[in-house]
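Q: My questions all concern the structure below.
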Amino acid sequence: MEDSHKSTTSETAPQPGSAVQGAHISHIAQQVSSLSESEESQDSSDSIGSSQKAHGILARRPSYRKILKDLSSEDTRGRKGDGENSGVSAAVTSMSVPTPIYQTSSGQYIAIAPNGALQLASPGTDGVQGLQTLTMTNSGSTQQGTTILQYAQTSDGQQILVPSNQVVVQTASGDMQTYQIRTTPSATSLPQTVVMTSPVTLTSQTTKTDDPQLKREIRLMKNREAARECRRKKKEYVKCLENRVAVLENQNKTLIEELKTLKDLYSNKSV
């Protein structure tokens with residue numbers, strides 16, 4: 001009986017080593033579970049932080065609407081700048097151009113106005129005197145071409161500009177009249193864009209020749225021209241004489257040589 005009771009007690013009584021081992025295993029299991037929970041919480045926090053960071057980056061990026069708005073504002077600003085530049089260029093082109101003034105070889109001044117009028121003036125002691133205006137009118141409002149001007153000389157020696165289709169006629173009184181030559185229009189003819197009013201009387205300022213001072217100046221001018229022509233003819237005559245003298249000298253030399261040869265021949269024959 002005692003033996004059986006000991007065996008049962010030995011079987012039912014707990015062993016101290018197994019209890020310690022079970023407690024250690026449970027402690028390790030708790031540590032593993034706590035580590036897994038901490039890792040899961042860290043992973044969840046990392047995922048939340050990365051999602052928040054991506055959301056912040058997307059929030060900081062400009063939207064397509066904002067980009068389109070910026071581009072449209074820059075386009076309107078560029079158009080405004082172009083409009084201002086065009087306004088400035090239009091203001092610059094609307095400035096008036098000064099009237100050009102030309103001077104001929106005789107000292108006469110010619111001014112071409114913007115409306116096509118020719119203003120003729122001769123220089124004087126007190127400035128420009130004797131202003132004459134020649135009105136130029138367009139024969140066709142839609143035709144455009146080139147106007148050809150030519151010189152015409154008045155009775156007092158002044159030169160004026162008239163179109164190429166004008167004829168200048170001097171009357172017995174000394175006045176100058178210009179007449180226009182009109183041509184029948186055809187398909188091959190050039191358009192006549194500038195026409196001078198016909199007839200236009202150009203009265204000379206110094207038509208009277210009774211002034212003794214003017215007569216004296218004319219006489220002196222003619223004398224100077226005659227003296228210049230006389231000197232030119234004298235120079236030509238002297239040059240011609242010099243050439244003739246040179247030719248005669250050459251002939252004289254040849255004759256002297258022939259004479260010497262004849263003398264030698266005669267002396268030889270006489271011996």
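Heads up, the Cβ atoms here are built off N, Cα and C, so glycines get one too.
Straight from Swiss-Prot, here's the annotation block:
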type: REGION; residues: 1-61; note: region 'Disordered'
type: MOD_RES; residues: SER63; note: phosphoserine
type: MOD_RES; residues: SER198; note: phosphoserine
type: CROSSLNK; residues: LYS208; note: SUMO2 cross-link
type: DOMAIN; residues: 213-271; note: domain 'bZIP'
type: REGION; residues: 215-239; note: region 'Basic motif'
type: CROSSLNK; residues: LYS215; note: SUMO2 cross-link
type: REGION; residues: 241-262; note: region 'Leucine-zipper'
Q: Quick one: what's DSSP say for LYS215 (SUMO2 cross-link), helix, strand or coil?
A: helix
Q: How many other Cβ atoms sit within 10 Å of the Cβ of LYS215 (SUMO2 cross-link)?
A: 11
